[in-house]
Each structure stands twice: as structure tokens, then as C-alpha cells.
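Peer 1: Quick one: this structure, given as C-alpha cells, is what I'll be asking you about.
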Amino acid sequence: MALRPIPAQGYPAPPAAPPAALPQQREPAKGEPSEEAVTGRNGLIMALGTLSSRGLGFVRAAMLGAALGSGDIASTFNVANTLPNIVFVMLIGGALSSIFVPELVKAAKTHKDGGVAYTDRLLTLCGIALVVLTLVAVLAAPLLVSVYGPTWTGAQRDLAVALARFLLPEILFYGFFTLLGQVLNARGRFAAMMWAPALNNVVAIGVFALYLGIGGEARHIDKVTPGQTMLLGIGTTLGVVIQALGLLPSLRAAKFRYTPRFDWRGAGLSAPIRAASWALLLVVVTQLAFTAITALTTSVSNKSANYAYANAYQLFVVPQGVITISLVTAILPQMSRAATEGNLTKIGTDLAGVMRNSAAMIIPAMVLFAAFSAQITQVAYGYGHAKDGIGLTLTGEALLAFAFGLPFFCAQYGLARGFYAMSDARTPFWLTAVASGTNVFFSWLAWLLLSDRWSVVGMAAAQSIACVVSMTVTGIALSRRLSSLPAAPENPEDRARVLRTAMRAPADSGLDGRRVFGLHVGLLLACLPGALVGHFLAGALGSSWIGSFLGLGLGSLLTLASLFVLAKPLGVAGAVAPLARKLRIPYPTAPEPSRRRRR
């Protein structure tokens with residue numbers, strides 16, 4: 001049996017670094033927390049930070065709705081702020097974060113200086129690229145507005161261009177935030193990156209409150225003054241600047257010192273640059289898909305269409321950001337170490353564990369989105385100028401359509417990180433191309449075949465269909481990769497060690513897809529009775545803000561009660577017990593037997 005050759009995306013060590021022995025996996029010493037415990041603690045810290053930030057994000061969205069309403073001004077601001085935000089989402093969700101953490105972990109293990117010079121070179125190169133990208137984007141603001149708002153003319157187009165020029169510099173600071181955050185993550189410091197966005201939201205809330213105070217009567221495009229435009233644009237960008245600066249205390253605590261280095265030649269940067277090129281292509285594909293969908297939503301005669309789609313999507317991604325991203329980010333360094341050691345099965349086992357551990361939170365979130373979409377949107381956005389009209393109704397209906405894709409959306413995110421842990425950025429690009437193409441195709445069908453009243457709901461359903469397709473193809477591709485032999489390192493000693501690890505590992509992917517799928521189905525069945533009862537009771541409480549708030553609270557309690565009561569007879573109590581402990585609910589359950597147990 002021979003190891004397969006190093007693929008094109010394999011990352012050789014820099015010539016200056018001598019061969020270093022790869023560390024063996026070890027059992028934790030007595031009194032030392034296990035890897036699973038450390039991962040759980042880090043995931044909890046990140047989840048709390050993300051939850052706080054998202055909570056403030058809802059306050060921010062409410063203030064945005066109160067200040068700008070749900071019509072032309074809100075749509076113009078959303079589109080002008082789309083480019084820096086979507087670049088940030090892609091950077092944090094899979095491009096720089098997923099590529100550079102494995103590279104920094106590898107450099108820390110294999111370089112004589114612990115990867116210090118390598119990190120400085122990488123940050124210098126990426127910083128220059130971010131500056132160039134930001135300058136080009138600001139100069140191209142009119143073109144970008146034409147792409148995102150092709151039907152806009154006159155005052156609306158002028159306002160969009162002016163806002164875009166103030167907002168596009170966010171790209172630079174989002175990029176710095178992401179790069180420095182990966183330095184912290186590679187060093188095992190996860191909290192700052194998840195808590196810093198709360199600072200951004202606090203600033204934005206203040207900006208929208210100030211706008212509401214001085215420009216509350218500017219409900220139409222032609223009433224917005226240059227001063228109000230500057231307040232919205234510069235104030236929003238200032239929040240991103242403060243978010244990036246919020247990482248500095250944690251960087252100092254980690255004893256990180258940055259020194260610009262321009263000696264890039266022969267420093268081993270070609271591999272991460274190659275991977276970053278694939279990540280950039282992935283961003284381009286996703287951006288093209290998002291641009292197409294934005295163009296479709298802005299071309300609908302209903303002026304609230306873009307507002308409804310954007311706000312429903314913002315709600316839809318909350319569980320992924322709070323739960324899935326936190327857990328997967330916590331295990332990415334250890335998956336990268338497993339890939340370096342040739343233990344591919346452990347990558348699958350880690351990912352399967354994350355999907356099982358998150359299922360008891362993701363499935364109830366999906367059920368709540370589906371059963372109480374009207375109440376959720378009313379509570380989140382029913383303020384000020386946005387509290388009446390078709391905008392809130394469309395947002396709730398779009399959230400209902402988004403909801404069915406949530407488990408697949410979260411699972412696909414985790415599965416894609418498995419490829420990045422193996423330093424493979426090419427496969428996720430092709431998988432994303434399939435998902436984006438599916439989304440655009442079905443969104444176009446919805447725009448073409450459905451009336452203006454229902455086209456946005458159809459586009460949200462297209463996203464759910466794309467999530468199912470994407471998760472399926474990603475799972476199949478990753479299972480095949482993890483079941484194969486790992487790439488062979490160049491160093492003979494490392495090659496022998498990887499071969500020994502691969503021979504000891506079981507001949508499967510470790511993903512355990514049937515068990516994970518069955519667990520999700522069982523949790524769904526456990527939630528449904530309570531959600532159905534809660535749906536009818538919530539409807540009886542009315543559609544006012546207070547009625548929606550009470551209905552959502554009652555429905556949530558009934559859904560959770562149904563989950564806890566029916567989990568045992570449905571055989572999913574083992575997944576529910578950790579959630580019960582987090583909620584301080586007594587819920588004794590016997591430990592779930594291992595699937596590898598032999599009698």
C-alpha cells in the first residue's frame with residue numbers, strides 16, 4: 001500500500017525550516033481537561049459572544065427599521081452596505097478563517113521560530129491586498145450600485161452611490177479584523193473575535209438613534225440631506241473600525257507583536273496564496289449569486305421585497321452563527337492537527353460530534369422559525385416606520401421558507417470545514433458553485449413564475465433547496481475523501497509516521513451520517529406537537545408587538561417542553577440532556593452507548 005502523491009494544494013514547509021517531528025496525539029494528563037472539554041468550553045465562550053452580538057444586532061435592526069422604515073431608504077442603505085458585509089460574511093465564514101488557521105497551526109508546529117516570521121509575512125501580504133481591494137471598490141462604487149440596483153435612477157441612485165463610498169472602506173477593517181482574529185484562534189484564544197462585533201452594533205445603534213432624532217421626517221429619498229447621508233455612512237463604518245480595534249487587548253495578552261515583512265520569496269507563502277485564490281474565486285461565485293438575487297429582489301415592483309429578503313435572511317443565519325460557527329471554529333485547530341498527523345477519521349468523528357451536539361439546538365430553532373415566523377419578525381422588526389405594512393408580513397413569510405433549509409445550511413458549513421482542515425480550498429469552491437447555481441436558478445424561477453406578492457417567498461424557498469443540495473454533495477465528497485489515504489508529506493520521517501497513523505485508523509470516514517440524520521428526525525418529531533399547539537395559541541394572542549412577544553414566549557416554552565417530554569420515547573434523550581443542563585433543567589439520562597460497542 002502506498003500513500004497517494006501530494007496534491008496541487010498541498011503545502012510544503014519553507015526551505016529555511018528544518019524537518020520537525022509531528023506531535024502524536026496523547027491522552028490528557030491527570031487533572032488536565034480533555035480535548036472535548038476544552039472544545040466545549042471554547043465553543044460556549046464563542047456562542048455567548050456571538051449571542052450577545054446577535055442580540056445587539058436585532059436591536060440594531062430594530063433601530064434601522066425605526067429610523068429608515070422598510071421602503072426606498074431602507075432598501076438603498078441595505079444595498080449600499082451589501083458589498084462590505086457580504087465580503088465580511090465570506091471571510092469569516094470560510095475564506096480567510098478556514099484557510100489561515102490550518103496554515104498558522106502548521107507553521108507553529110514545523111517552523112523553528114514557532115511561525116512568528118511566517119505570520120508576519122502573511123499579514124503583510126494580505127494587508128496590502130486588502131488596501132488595494134478597498135481602493136478599487138471605492139472607485140467602482142457607481143458601477144457596483146448599477147449591479148445591485150439596476151433599476152434605480154435619480155435620487156435613489158445618487159443616495160446609493162454616496163452611501164456606498166462611505167461604507168465600502170469597511171472592507172479594509174473587516175479584513176484586518178478577520179486576519180488578526182485568525183492569529184488569535186490559532187493560539188487558542190477565541191473569545192475576542194466573537195465579542196468584538198458587539199462594539200460595532202453598539203456604535204450602529206447610536207448612529208441610527210441619532211439619525212432618528214435629527215432626520216425622523218426623512219421618509220423619502222429626496223428628503224435625505226447630505227449631512228444625514230454622512231451620518232449613516234461614516235457612523236456605520238466607524239463601528240467596523242472600533243470592532244477591529246477591539247482585538248488589540250487580546251493580541252497584547254497573547255504576546256503577539258507584528259513586524260512588517262516583505263521577504264516573501266521562498267518563504268512558503270505560495271501554498272496559502274494558491275488556497276486564497278480558490279477562496280477568492282469562492283467569494284466571487286457567492287457574490288455573483290448574491291448579486292443576481294439582489295437584482296431580482298430589487299426588480300420586484302413591491303418596494304419591500306429587498307427589505308423582507310434581507311431581514312429574513314439575517315434572522316435565518318442566527319442559529320448558524322451562534323451555534324454551528326462557534327463549535328466548528330473551536331475544533332478547526334484540532335482538525336488541522338489531525339490532518340497534519342494523517343488521522344483523517346478523527347476529522348470526520350469531530351464533525352459528527354459537532355453535528356450531534358448542535359442538533360438539539362438547531363432543530364428547535366428551525367421549528368420555531370417555521371411555527372412562529374410572524375411573531376419573530378414582529379418582535380425583531382416591528383418598530384417605528386417598519387411596524388406597519390406589507391414589509392413585515394413578507395419578512396415573516398420569507399423566514400418561514402428559509403426555515404426548512406436551516407439544518408442543511410448548518411451541516412454544510414461544518415462539512416466544508418473538513419476540507420479546509422486538510423488544506424483543500426479547491427473542493428469547497430466547486431461545491432459552492434453547485435450550491436450557488438442551484439440557488440440562483442430556483443430564485444429566477446420564483447421571480448419568473450410567481451406574482452410579486454409571492455416571488456420573495458419563492459426566492460427564500462430556493463435558498464432552502466440549495467442548502468439541501470449543497471449539504472448532500474458536500475457530505476458525499478467529504479466522506480469519500482476521509483475514507484481515502486492522506487496526502488504524503490515530503491519528509492521521510494513524517495511520511496512513515498503518517499502511514500502508521502493511517503494504518504491504525506478505521507477504514508471509514510467517521511461522519512456516521514445515518515446516525516446523525518436519524519437524530520435530527522427524532523428531534524424534529526419531538527418538537528412538533530408543542531410547536532403546533534403553540535402556533536394556534538400564539539395566533540389567538542394577536543399580531544401586536546406585545547401579543548407577538550407573549551405568543552413567541554409561550555410557543556417557545558411549549559416547543560421545548562414537547563422536546564424534553566418526547567425525547568426519551570423517541571430515543572434522542574442523549575442529545576437533549578446537554579441542552580437541559582445548559583438551561584438548568586433536571587433531565588437525568590443514561591449515557592448513550594457507543595456505536596462501536598461489541599458484545
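Using N, Cα and C of the backbone, Cβ positions are placed for all residues, glycine too.
Feature annotation from TrEMBL assigns compositional bias 'Low complexity' to 1-11. Per TrEMBL, the feature compositional bias 'Pro residues' maps to 12-21. Annotated region 'Disordered' per TrEMBL: 1-37, in sequence order. Look at TrEMBL and you will find 83-101, 122-147, 159-180, 192-214, 234-254, 275-300, 312-333, 354-378, 398-416, 428-450, 456-478, 544-566 (among others) tagged as transmembrane segment.
Help me understand the surroundings of these features in the structure.
Peer 2: Residues of the same chain lying 6 or more positions beyond the ends of the transmembrane segment (192-214) and with a Cβ under 8 Å from any Cβ of it are 45-50, 52-53, 56-57, 59-60, 63-64, 66-68, 177, 181, 184-185, 228, 231-232, 235-236, 238-240, 242-244, 246-247, 249-250, 326, 384.
Tertiary neighbourhood of the transmembrane segment (234-254): same-chain residues 81, 84, 166-167, 169-170, 173-174, 176-177, 180-181, 183-184, 187, 189, 191-193, 195-197, 199-204, 206-207, 210, selected by CB-CB distance under 8 Å and a gap of 6+ residues from either end.
Cβ atoms under 8 Å from those of the transmembrane segment (312-333) belong to residues 39-40, 42-44, 46-47, 50-51, 54, 57, 61, 92-93, 97-98, 101-102, 105, 185-186, 188, 190, 194, 350-351, 354, 357-358, 361-362, 365-366, 369, 376-377, 380, 395-396, 398-399, 402-403, 406, 409-410, 413-414, 417, 420-421, 460, 463 of the same chain, restricted to positions at least 6 beyond its ends.
Non-local neighbours of the transmembrane segment (398-416) in the same chain are 93-94, 98, 308-309, 312-313, 315-317, 319-320, 323-325, 327-328, 351, 354-355, 358-359, 362-363, 365-366, 369-370, 373, 376-377, 428, 431, 435, 456-461, 463-468, 470-471, 474-475, 478, 511, 516, 520; each lies 6+ residues outside the stretch with a CB under 8 Å from one of its CB atoms.
Long-range Cβ contacts of the transmembrane segment (428-450) within its own chain (Cβ-Cβ under 8 Å, at least 6 residues beyond either end) map to 94, 98, 278-279, 281-282, 285-286, 288-289, 292-293, 296, 299-300, 412, 416, 419-420, 457-459, 461-463, 465-467, 469-470, 473-474, 477.
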Peer 1: Is the transmembrane segment (544-566) packed against any residues at least 6 beyond its ends, judged by a Cβ distance under 8 Å, and which are they?
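Peer 2: Distal contacts: 360, 364, 367-368, 371-372, 374-376, 378-379, 382-383, 387, 523, 525-531, 533-535, 537-538, 576, 580, 583, 585, 587.
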